[in-house]
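Listed in Swiss-Prot for this protein:
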BINDING   228, 229, 230, 231, 232, 233, 234, 235  ATP binding site
């Protein structure tokens, strides 16, 4: 039911209205142009609304109407391959209506209400259905079967169910109590979709990035943060995860970042093949674009919109990865709204509820047994952009308290052109112990001990570097000089990865394991040769050592690696004979 009031005060994106009989988080139409807004505070007869569009020119006395509904998204066939703004308006529809720049007060349906979809029922007349049950399927893309579910708050007995081509708003099923079900359902973005129970993550998210999979794995259904200063590679890392992670669905939220970065995704994804299915990556992707030049308040909506879309596909039993780039921009939007509301500021001006909002977002991730008995997951990966790369600032610190994987990007590494610029000494993963059994069974029995050994070597290298900077590497014992060479190989061959190289951009587990195994084999053989009296200068002259870095770029990886390993054995045999 619509209730009409009038605007009392305007302060940027925050509008105060009087005479509105509204409740918290009601959706409102503000001003003569009907700008979209949401009730965020009610004080006596004054209703405070955050507006998701530019409020220039809005003045006191203009009408303000509450719709009686919360901000909700449309869920159904047609979501995949779409690009939305923060409040689920399809950008291609807005382009047709208003041109290159989004006009004010423009509304657009999240799904195409005219497109026909082939619906195949999986229940029959007389079947009892409850919230979350699948009543039929639609083949949305070649690989994704879109399951049409009963809304979580509806249950009953099927009186009639249809089969054939329908739009998302056509009635496809009627229950005995008269409830009509469509392929589309609306769901409030701030309300988490219910599940039967949460489960413990047991499998890793395979990203194809060696430093992430090898040293700091994230579980499917886990949470991770990528903090880093400007230019250290947050967006490229996020895009790599979107491209190559082994989930069925990817939701990419560009929250307050540059528009060009979203344009990159739109150019690249249709051209790239999903390594699991061989289909274009765009077919499994939903983009929520809320770029830096779009209204500040809509950044908050974009994060919740993206998470609700991810939960919907999780409820079908799919594994979803959600990328939020960047949560810092969302926090800055909260800070701006909070200051407009004249709330007491917390640390660095951020609102006192910053940590609660971040926790609310990340807690919606996880592995779950859905209402229809399927097992689905959401892996949430948030980029954090601390000013000046200062990890002690509130957004980074509050995120660290919540997430279980921390991939710390380092400006010094990026300046040395070491990419991904993830600092292996500052980063960590709390899923390592949970995933060790999976790695032992599915990769190799010696994978976990080899990984730990590599980490110990890198740790020792950082301690030796202090001495090297003072007196040079020649002052070290030969054994330690050799250790520095092995760790250099680990860094340059294993940890460095070229995101723009057609072969090196994606590295499957088997390839990762064989590269690390080859480095360790060279290291062990070199140490043995040193102990048998061979000079380190002789060992470092070996050709196979210089050829090993090229192997990861070769299309015939197996053949190239075997050739280098054979040469390595030959050279060490020749050294031993001296």
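Cβ from N, Cα, C; glycine included.
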_By a 10 A CB contact count over all chains shown, which of the binding-site residues listed here is most packed: 228, 229, 231?_
228
*What is the number of other Cβ atoms found within 10 Å of the Cβ of residue 235 (ATP binding site)?*
24
*asked:* Beyond the listed site residues 228, 229, 230, 231, 232, 233, 234, 235, identify every same-chain residue whose Cβ lies within 8 Å of the center of their Cβ atoms for the ATP site.
replied: 385, 409, 411, 414, 421
_Count of other CB atoms lying within 10 Å of the CB belonging to residue 230 (ATP binding site)_ = 12
*So for residue 232 (ATP binding site), how many other CB atoms are inside 10 Å of its CB?*
26
_Quick check on the binding-site residues: of 233, 234, whose CB has the lowest count of neighbouring CB atoms inside 10 Å?_
233
